[in-house]
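According to Swiss-Prot, the features are:
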SIGNAL    1-23  signal peptide
REGION    24-110  region 'Alpha-1'
TOPO_DOM  24-217  topological domain 'Extracellular'
CARBOHYD  Asn104  N-linked glycosylation site
REGION    111-204  region 'Alpha-2'
DISULFID  Cys133-Cys189  disulfide bond
CARBOHYD  Asn144  N-linked glycosylation site
REGION    205-217  region 'Connecting peptide'
TRANSMEM  218-240  transmembrane segment
TOPO_DOM  241-255  topological domain 'Cytoplasmic'
Amino acid sequence: MILNKALLLGALALTAVMSPCGGEDIVADHVASYGVNFYQSHGPSGQYTHEFDGDEEFYVDLETKETVWQLPMFSKFISFDPQSALRNMAVGKHTLEFMMRQSNSTAATNEVPEVTVFSKFPVTLGQPNTLICLVDNIFPPVVNITWLSNGHSVTEGVSETSFLSKSDHSFFKISYLTFLPSADEIYDCKVEHWGLDEPLLKHWEPEIPAPMSELTETLVCALGLSVGLMGIVVGTVFIIQGLRSVGASRHQGLL
């Protein structure tokens, strides 16, 4: 299976910025993946990205033949010629066709993706937030991610990353949904992949503290009142004892 993955991925170049300390035990502080590309016989046919510490720097749109930066401000300081990516994709296509002939078109094994949904910030009703759907262990890199609100498809405020590479040659992908948390809205991240027998729905809804019952509120108020009265009584006792001590001291002084 790993062999099949390696054949499909094509060229993968990794550059690591290594820690200056340590001789035998060298640890990478940062890892940049330059020219991560794959080509496959099913859509999307391929992808070319640059990554840094697991985050996407940019990808090359193979249809428009343009470099698309994850953070557009980076394009002011550095540039990348998309023709280099197109050449890599041509090599990947040729390599894939050759290996398919050599392997009698044996397909790679479909992995079962893992899905996690969480909010970017602590949830406060009515305050803007972002839902994050992390789809991990993707192989092959073909997946549909859809957001549902109360069972209905949502398209506004949705964005997603490219397929991001992992050391085991699988991929992960992240989908984002900007939204206003509401007590009467629930959300699902719907994932479709060849490794699943049916679409997977990962449920999310805001966690709202349950309101206290009238009995609980009464008990809390009574407890607070009792503690307050006890504090007054104890304070009064201490004041009386203090006054008596002062009076006794003065009496002894006169004697």
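In case you wondered, yes, glycine gets a Cβ from its N, Cα and C as well.
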Long-range Cβ environment of Cys189 (disulfide bond), under 8 Å and at least 6 residues apart: Val115, Val117, Leu131, Cys133, Ile145, Thr146, Trp147, Leu148, Ser175, Leu201, Lys202, Trp204
Number of Cβ atoms other than its own within 10 Å, given for Cys133 (disulfide bond): 25
For the topological domain 'Cytoplasmic' (241-255), the mean pLDDT of the predicted model: 57
Where Asn144 (N-linked glycosylation site) falls in three-state DSSP terms: strand
Asn104 (N-linked glycosylation site): tally of other CB atoms within 10 A of its CB: 6
Separation of alpha carbons, Asn104 (N-linked glycosylation site) and Asn144 (N-linked glycosylation site) (Å): 28
Three-class DSSP secondary structure - Asn104 (N-linked glycosylation site): coil
Number of helical, extended and coil residues in the region 'Alpha-1' (24-110), per DSSP: 26 helix, 30 strand, 31 coil
